[in-house]
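**Q** Pasting in a structure now, in structure tokens, and then I'll have a few things to ask.
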Amino acid sequence: MAFKYWFVFAAVLYARQWLSTKCEVPQMTSSSAPDLEEEDDYTAYAPLTCYFTNSTLGLLAPPNCSVLCNSTTTWFNETSPNNASCLLTVDFLTQDAILQENQPYNCSVGHCDNGTCAGPPRHAQCW
């Protein structure tokens, strides 16, 4: 009878050892652990602001057809495509109005052609 208990005891120990090797969770080492300190780079999705002149004909690019833009991390110039509307000239009689925010002034509108604002001019109100 003692032999039966010894046999059952040995079988239980063997089963326990077998289960502990098959079911153990592998421990992470420093080389296999994910780097929780690293942050994702979301700058590509950051809000982008570009600065145009507003007019009765729509938004106008600057005379050099290179629009100043910025995101939360960087400033850059974005070249306007050919035939985009651009600010050709400003009426010098209303130049003082430009210094006052949201005051309309007379301006001439052209179109971008290889990085420069070209005519024929169209007249508009700008602000």
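Yeah, the Cβs are placed from backbone N, Cα and C, and that goes for glycine too.
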**Q** If you pull up Swiss-Prot, which of Cys50, Cys107, Cys117 shows a disulphide to Cys86?
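**A** Disulfide mapping in Swiss-Prot sends Cys86 to Cys117.
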**Q** Based on the record in Swiss-Prot, give the one of Cys107, Cys112 in a disulfide bond with Cys126.
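**A** Disulfide mapping in Swiss-Prot sends Cys126 to Cys107.
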**Q** Disulfide-wise, see what Swiss-Prot says Cys50 is paired with, picking from Cys23, Cys69.
**A** Cys69
**Q** Rounded to the nearest angstrom, how far is the Cα of Asn106 (N-linked glycosylation site) from the Cα of Asn77 (N-linked glycosylation site)?
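**A** If we compare the Cα positions of Asn77 (N-linked glycosylation site) and Asn106 (N-linked glycosylation site), the gap is 26 Å.
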**Q** How many whole Å apart are the CA atoms of Asn83 (N-linked glycosylation site) and Cys112 (disulfide bond)?
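**A** Their Cα atoms are separated by 5 Å.
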**Q** Which of the recorded positions listed here (Cys69, Asn70, Asn106, Cys112, Asn114, Cys126) have a Cα atom within 10 Å of the Cα of Cys86 (disulfide bond)?
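**A** Within 10 Å Cα-Cα: Cys112.
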**Q** How far is it from Asn114 (N-linked glycosylation site) to Asn106 (N-linked glycosylation site), counting Cα to Cα, in Å?
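**A** Computed Cα spacing between Asn114 (N-linked glycosylation site) and Asn106 (N-linked glycosylation site) is 25 Å.
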**Q** Within 10 Å of Asn54 (N-linked glycosylation site) by C-alpha distance: pick out those among the recorded positions Cys69, Asn106, Cys117, Cys126, and say none if nothing qualifies.
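**A** Matched recorded positions: Cys126, sequence order.
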